[in-house]
Amino acid sequence: MSQEFDYIIVGAGSAGNTLATRLTEDAGVTVLLLEAGGPDYRFDFRTQMPAALAFPLQGRRYNWAYETDPEPYMDGRRMECGRGKGLGGSSLINGMCYIRGNAMDFDGWAELPGLEDWTYLDCLPYFRKAETRDIGPNDYHGGEGPVSVTTPKAGNNPLFHAMVEAGVQAGYPRTEDLNGYQQEGFGPMDRTVTKNGRRSSTARGYLDQAKKRPNLTIVTHALTDRVLFDGKRAIGVTYLVGDSEERVEARARKEVIVSSGAIASPQLLQRSGVGPRALLESLDIPVVHDLPGVGENLQDHLELYLQYACTQPVSLYPSLLWWNQPAIGAEWMFNGTGIGASNQFEAGGFIRTRPEFKWPNIQYHFLPVAINYNGSNGVKEHGFQAHMGSMRSPARGRIQVKSKDPRQHPSILFNYMSTEQDWQEFRDGIRLTREIMAQPALDPYRGREISPGADVQTDEQLDKFIREHAETAFHPSCSCKMGTDDMAVVDGEGRVHGMKGLRVVDASIMPLIITGNLNATTIMIAEKISDKIRGRKPLPRSTAKYYVAGDAPVKGKPMREVKQG
């Protein structure tokens, strides 16, 4: 059985749903959207309630639950690499932080040959196009887009305000909008949540407006086996439905677009015969095109938590107790309000640790409870924590297919903490975080340091803590990078080098990881490239002003000095 469409999109995630929605705005264009996971069940609180964000990571229904190979610089730990499975992709299970990256990230991309139209001012109109911000549009934010963005409001947890004030007291800037004129500094953090308190995944935002169109066909539980080629032209795909071993074939008249994410996109290309020749030949995969960069240049954000006891009963600790959860769930279900309606990452910041960094190299997420991101190891008392992570590690990893079997996970290695810069940034980051947490704004709340613990002071002690406790921020990217050099996989429009009718459009095509969470930027990339595919003129460049640190000092004098080992 074979079906024919103009475009086949592999992966209904942040990029794939955006592309499917935009391409089918043209009524004469037919699109097949394939998703290996299931629907985004709207009555499943695990994916729809913002405060329940840890639940999908604990199971396999919505999570691919990849693991890395033993990471050599992390005591050989096999580390989590959760990715979303189901309509919405990772936007169905992420932390819902709406952060776009720093303007300098995109200006840096645009300095690379062939990527001249990826400057921040070229990208900003597409960020705005995708967004509806609840407090209204301005030069930086949209008011008519599919992605619902909610801003923190007065009356939220007092710890958010105290942690931002502590950052300012430590000598860093205050910013009212981490996606506006100035990212650098501390301030409120927007979230992809609807006005009714539901997760704003791309399934809800984009597919809800597109799924009834007669020119869009969506198939869930459809695991793409490989891309089919006629010479160097992509002509279709084969896929498996559910547990069946029968391969279904679909043909593409125009293009196959791979939007499977930074892990699965290179895996699919390699399995289809597009990738490093030696790897493919070692697995008896017929080589369609020797493209050495497929699966290389893999990047991520690593982070750790600094946890503190809270001396006042204002943290979210009571919400972790089962007997309080029915009332929280009921308020969220019927009113769309309360603790359940927030991801609880309502404040954060970006700082530079040293003058050689021209824009922030450390990100903070503040959380008014002490618990692991995946919901494990909750501290059994009132507490709060700062998630601290480096933004642009020089470490580079890789994805390698292990077999022709589409159900076998690939070999994943990030090489976390493999450079001296990594260690310097994390040591600096821990010490600067302690200085922030010691400021007067937190005096009414701060108890003992739970983790790492006040006795962890020397470089050696900090390094041991980092090796044992640092975790992924779940931001894999850059494994099919845009560019023109020998290791580039696609051009500035996502077209695979040396091939015809084949694109990759998702976080894997970022040439360098951005300063912040990836979801908003992945959607922007898909919005921008969809105009290219449709032959539309790009949106006019923005004229908005944006902050460049230049010679500005990294920080001012802290209100309270802290002596550390």
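Here the Cβ of each residue, glycine as well, is placed from N, Cα and C on the backbone.
So that you can see what the record holds, here are the features copied from Swiss-Prot:
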| type | residues | note |
| --- | --- | --- |
| BINDING | 6-35 | FAD binding site |
| REGION | 182-201 | region 'Disordered' |
| ACT_SITE | HIS475 | active site, proton acceptor |
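Only residues 6 or more beyond the boundaries of the region 'Disordered' (182-201), in the same chain, are considered here, and those with a CB under 8 A from a CB of the stretch are 40, 47-50, 87-88, 91-92, 96-99, 101-103, 133-134, 147-152, 160, 163-164, 167-168, 172-176, 332, 335-338, 340-343, 345-352, 359-360, 364-365, 515-516, 519-520, 546-547, 549. Residues near THR30 (FAD binding site) in space but far in sequence (CB under 8 A, at least 6 apart, same chain), listed by position: PHE5, ASP6, TYR7, THR24, ASN215, LEU216, THR217. Broken down by DSSP into helix, strand and coil, the region 'Disordered' (182-201) contains 0 helix, 7 strand, 13 coil. Straight-line distance linking the Cα atoms of LEU34 (FAD binding site) and HIS475 (active site, proton acceptor), rounded to a whole number, equals 23 Å.
DSSP assigns ARG22 (FAD binding site) to a helical segment in the three-state reduction. Just so you know, the Cβ of LEU34 (FAD binding site) picks up 25 other Cβ atoms within 10 Å once every protein chain is counted.
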